[in-house]
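Asks: The structure's right below; bear with me while I get my questions together.
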Amino acid sequence: MELKGVQPSNGSANGNGTTNAASTEKADTEKQTAERTNWGNGLEFLMSCISVSVGLGNVWRFPFTAYENGGGAFLIPYIIVLFLIGKPMYYLEMIMGQFTSQGTVKIWSVVPGFVGVGYGQAFGTICIISYYSSLLALTLYYLFVSFQSELPWSYCRDEWTNCVNSRPQEYVDNLLTGVSLANESARNLSGIGFVANDETEKLQSSSELYFLNVVIKEKLDISDGVGDPDWKLTLALFVAWVVIFLVIMRGVKSSGKAAYFLALFPYVVLFVLLIRAVTLEGARDGILFFLEPQWGELLNPTVWKEAVVQCFFSLAVGSGPIIMFASYNRFDHGIYRDAMIVTTLDTLTSLLGGITIFAILGNLAHNLQIENIRDVVRSGTGLAFISYPDAISKFQAVPQLFSVLFFFMLFVLGIGSIVALQSTIVTIICDQFKGLKYWKVALITSACGFLMGLVYVTPGGQWILTLVDFYGGTYVVFILAIFELAGIVWVYGLQNFCDDIEFMCNRRVSLYWRMCWSFFTPVMMIIIFIYSMATIEPIKYSELYFPEAANIAGWLLFAIGAAQFPLWGLWYASTHPQGTYWKSLKASLKPSDRWGPANPETRREWVIFKNQKAAQRATQKSTSKLGFFWRKLTNFCGSNK
C-alpha cells in the first residue's frame, strides 16, 4: 500500500487536531534520534547481546531443566524450538529495535493499538529484575564467605542434628556410619540426604543446612508474614545494585565497555571448571546421565512447554533487552550475522554448562557412593546454592579457589543479564520523558530495584521468588510475546515487515523466516500457551503448597501484566479519535506517522522505497490472475525476481 501516513512532508489528517500532535511527536522522535547514543562499535553490541543471552539460564537453569525433561532427549525439542521460535523471535526483536531506533514501548508506532504489549513487557521485566537481584545477593554472599580458610558450608554446627559434613571422605564416612545403624533396605534417598526408616529423621548435608539455616534462614510457613530482611543479604543486595548502577549510569557508553568482560570472563571460568570437572572420579557417569536420552519424554507435551520456557529465559526474548540493545545500532548494522552468532553460541554454552555441572554432580554421587545421580540433584535455587557448593567442598585441592571462581562467574553472568533488563526500563523512561538525564533515571530505578529486592532476602523470600517468577515472569512474558508477533506479522503485515527488512538490510527475506513468522512460531506458541493454561497446577515451594491468598496474589500479578495490552490499546483509541470509537479502534491498528526510520534522510528514502513496492504490486494486480498468484508465491518465498 502507498504510505500516505508517513510522508516526509506532511502527515495524514487525523481529525480533532491530532495532525499537529502527530507532527510534534514525529519531530521529537527525529530530535531524540539525532541525540541518541550509538554503540562505540558493532562488537560492543554483539558482546552485550552475548552477556544477556548467555547468562544464568545456561549454567543454572538449563542443566536441571534438561535432566528433569528427558536428559539428552530434551535437546531434540529444545533445538527444534530454538529454530522455530527462539531464532525467529530473536531476529525479529533485533530488527524492530534497529529499524526504529526506539525502545520496547516506542516501537509500537507500527501498530499503536498494541502499545500495551510494550508496557506489559516492561511490567514483566520489572518482576524479573526484582527477584534476579536477590540471586545476585546470594551469589555475592557465597563469594565473600569462600575466602575463609575452610568453606563454611563444609562442616556441621553443633546445633544441627542429623547433619553430615560436606568435607571430602568425612562426609562419606559419616553417611555410611548412619546407614549401617539403620535399616538400609528402608532407605528413601531424597536430595543429598535420606530417610533411614520411619523413626529416623532425614540426614542432611552441611551445605544444605548452611543454606537453609544460615544464609536464607528459611521459613516454611508464611501465613504470618515473610519476616524481616537479613542484614547480610541486604548488604550484598546493596553492593549488587551499586555495581549495576555503575555499569549502566552512562548508557551504552559504559555498558558497552563492560560488555567485553561480562561476555568473555564467564567462558574463561567455565572452561577452567570444565577441565577440572572432567578429571574428577565419577565425572563420566554424570555426563552420561545428562546426555543419555529418555526417548519416551519426547511425546510428553510438558517437555515441549519447558523447552519453550527455557528458550525464552535463556535468549531473553519477549522482555525487551534485545529491542533496546538493537535500538542503539546504526541503521545499516549487520544484525543478521549477530543474531545467528548469539543464538548458536547460547545453545553451545548451555551444552557446555550442562556437561560441566553434571560432571561435578557425578563426582558428588561417586563420593557419596550413590548410584542414581538423580538423588544428588536439586532443582531451582537449591542447585546453585546447595548441590554445587556441596560438590565443590569435596574437591581435594584448594576448593576455596574453585568456589571463588564459580560464584564470581555466576555473579558476572547475573550482572550481564540484569544490566540489560534494567537498561530496558531506563530506556523506556528516557524515551517517554526526553528531558530526563539518563544517569538520574538509572540511579532512581536502581534504588527502586534495591527496595523491591528486600522482600526476597527475608526468611520467606524464596516463597515470593517462586510466586513472582511463575506468575509475573514466565506467563506474562510468554503471552505478550504472542501479541508482539501477531501485531507485527498479522496486523502490520508480513509483506510490509519484509519490505522494511529488505530496505534496511539490503537483502530479501528468506522463506525460512517468512514461514516461521507467519505460521510456525505463532501457532506453536499459541498451542503451548493454551496447553500450559489447561494443565496448570498449584505451585509449590519445598513440596509445600502456597496459601490460597498467595495464589490469588499470583493470578492478580499475571492479570495486571496481561491487561496492559487491551487497556493501553483502548486508551490510545480514546486519545486519538477518528470520528466514531470503532473508527478510532481501526485506525489504531494502522502505522502512525512516527513509524519508520528515525533519521529524516533515511526516512525519506524508505518512503520512496515503500511507495515503489506498492506501485509494483498494483501493477501486478492488473495482470492475469495466474501470473498474480505466481508472483505472490515468489514474493513469499523471498525470490529476487
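Including glycine, each Cβ sits where the backbone N, Cα and C put it.
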Asks: Based on the annotations in Swiss-Prot, which residue of ASN16, ASN188 is described as N-linked glycosylation site?
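Replies: My reading of Swiss-Prot gives ASN188.
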Asks: Using a Cβ cut-off under 8 Å, which residues of the same chain at least 6 positions beyond either end of the transmembrane segment (307-327) come close to it?
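Replies: For the transmembrane segment (307-327), the sequence-distant neighbours (Cβ-Cβ under 8 Å, at least 6 residues beyond its ends) are 36, 45, 48-49, 52-53, 55, 57-58, 61-62, 65, 69, 74, 77-78, 80-82, 85-86, 89-90, 93-98, 100-104, 107, 118, 121-122, 124-125, 128, 335, 342-343, 346, 350, 417, 420-421, 423-424, 427-428, 474, 477-478, 480-481, 484, 524-525, 528.
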Asks: Of the stretches 39-59, 109-129, 258-278, 401-421, which racks up the most C-beta pairs under 8 Å with the transmembrane segment (229-249)?
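Replies: By the under-8 Å Cβ criterion, the transmembrane segment (229-249) pairs most with 401-421.
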Asks: Find the member of 109-129, 258-278, 341-361, 474-494, 516-536 that has more C-beta pairs under 8 Å to the transmembrane segment (72-92) than any other listed stretch.
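Replies: When the Cβ pairs under 8 Å are tallied, 516-536 comes out ahead.
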Asks: What parts of the chain pack near the transmembrane segment (474-494), using Cβ distances under 8 Å and only residues at least 6 beyond its ends?
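Replies: Residues 89, 92, 96, 108, 110-111, 114, 117, 120-121, 123-124, 127-128, 308-309, 312-313, 317-319, 514, 517-518, 521-522, 525-526, 529, 532, 557-558, 561-562, 564-565, 589, 591 contact the transmembrane segment (474-494) from elsewhere in the chain.
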Asks: I need to check the long-range neighbours of the transmembrane segment (401-421): which residues 6 or more away from its ends have a CB within less than 8 Å of a CB in the stretch?
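Replies: Result: 48, 51-52, 54-60, 125, 128-129, 132-133, 135-136, 139-140, 142-143, 146-147, 151, 240, 243-244, 247-248, 255, 258-259, 261-263, 265-266, 269-270, 272-273, 276, 316, 319-321, 324-325, 384, 388-389, 392-393, 395.
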Asks: Among 39-59, 109-129, 258-278, which stretch has the highest count of C-beta pairs below 8 Å with the transmembrane segment (341-361)?
Replies: 39-59
Asks: Could you tell me what the rest of the chain brings near the transmembrane segment (39-59), counting residues at least six beyond its ends with Cβ under 8 Å?
Replies: 90, 135, 252-253, 255-257, 259-260, 262-264, 266, 270, 310, 313-316, 321-322, 325-326, 328-329, 333-334, 338, 341-343, 345-346, 349-350, 352-353, 356-357, 409-410, 413-414, 416-417, 419-421
